[in-house]
Amino acid sequence: MGHLGALLFLLGSLGALADICEIPEVDRKLVERLGQRLLPWMDWLSLEHLNPSIYVGLRLSSVQAGAREAFYLHILKLNYQQSLLGLAINDDNSNNKAKPSMGQLALYLLALRANCEFVGGHKGDRLVSQLKRFLEDEKRAIGPHHKGHPHTSYYQYGLGILALCVHQKRLHDSVVGRLLYAVEHSHHLRHGHLSVDTVAMAGLAFTCLEHSNLNPNQRHRITVAIRTAREKILKAQTPEGHFGNVYSTPLALQLLMNSFMPGAKLGTACLKARAALLASMQDGAFKNVLIISQLLPVLNGKSYVDLISPDCEAPRVLLQPALETVSQTQELISVMLKVPSVLPPYRHPISVSAGSSLEDVLKKAQELAGFTYATQNSLSGPYLTSVMGKEAGAREFWQLLRAPNTPLLQGIADYAPKDGETIELRLVSW
């Protein structure tokens, strides 16, 4: 009977483990190689290239950049406070190029918290007020009956709520309510498909609000929304193990980690996702700094919610710059570039060196004449704003596809076309 009791206890324990999402330790060398990819970006110190997510990702990871981290935060403070406070003083005279987005301001506040700083004082209060104004504008755009859409996205909306939450700044229930309604009624869909990273960001914001109890009147609704977000993400797991796709999986795991969902087989799903991520890391799939910055905390068992009470004394391994290897051969490949959304339609083969990015292909096409394009920088890299003089209008964007009809998961700076591929730039509405 004693043996039977022990067996039943063991089976119960295994069942409980299957309901918990835990990410076992990953090979340190793999983590270090991933962290090394961020180091060159820390040398780009102009406002348009500064990316607070780099600092946040490193501080929540098991690796560090030493003195470069402190210097990077110093430059972030100089540039962001000057730009944002100038915007707060004189909104009418600010130009669009200098105006930071809601997402940039939110990530900057996360970076401050990653250094165990609470935003405060006269300057800090103005930054908080600016982010609250951004969110109020988005709330009005969505409307009281939820018929509208945010000017930016629900992803940035959730990120803004999360950033204020980790600094213990309360938002009106109506602001939080817009995001709750979006999760409850699937307003986070993109082109008819679940946007896993958007749901994950909303879930992280709600988790922070639940821990901090900043909106007690919404507490039950917040708790239910967290579970809804987790369930949606689990249902979006692919046969390979990713949640949505390889690039949305890190943020999804930030939400799922250390969660407990009885009967959901959460532990099994997370282990499958970890195996898929490891395979992708070994294949060198992660090049985008924003995604790397979201993945590094996961590999250290951390999430953005840990910024409620960050451990700034935790030991981290010092990163060394990676040794560059120069290829001895310059093999040329041919990529067919086509733009059917303009008149006359553009179609032309472009020769570039093997390993070139899609951005390199576009630059080469522009050098050859007959092709023009423009981009705008974002925290996840440059994106197309116009092609052949045709600008993306309101609720339009230039989609990247690999023939015959496969949307690319990476941006122009990260995707490397293969020899013989046809890449289409298509103007689509959303």
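From the backbone N, Cα and C atoms, a Cβ is placed for every residue, glycine too.
TrEMBL: automatically predicted annotations, no manual curation.
Annotated cyanocob(III)alamin binding site per TrEMBL: 152-156, D197, N245, Q294, 383-384, 398-400, L408, W430, in sequence order. Long-range Cβ proximity for Q156 (cyanocob(III)alamin binding site), meaning a same-chain Cβ under 8 A and a gap of 6 or more residues, is found for S101, M102, G103, A106, E138, P150.
Taken from TrEMBL, the feature disulfide bond covers C21-C270 (among others). Within the same chain, residues at least 6 positions away in sequence whose Cβ sits under 8 Å from that of C21 (disulfide bond) are L253, L256, M257, N258, S259, L266, G267, A269, C270.
Here the Cβ of C208 (disulfide bond) has 24 other Cβ atoms within 10 Å, regardless of which shown protein chain they belong to. Per TrEMBL, disulfide bond is recorded for C165-C208 (among others).
Taken from TrEMBL, the feature signal peptide applies to 1-18.
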Task: Rounded to the nearest Å - Cα separation of C208 (disulfide bond) and Y154 (cyanocob(III)alamin binding site) - done: 17
Task: Candidate with sparsest Cβ neighbourhood (10 Å radius) among W398, W430, the listed binding-site residues - done: W430
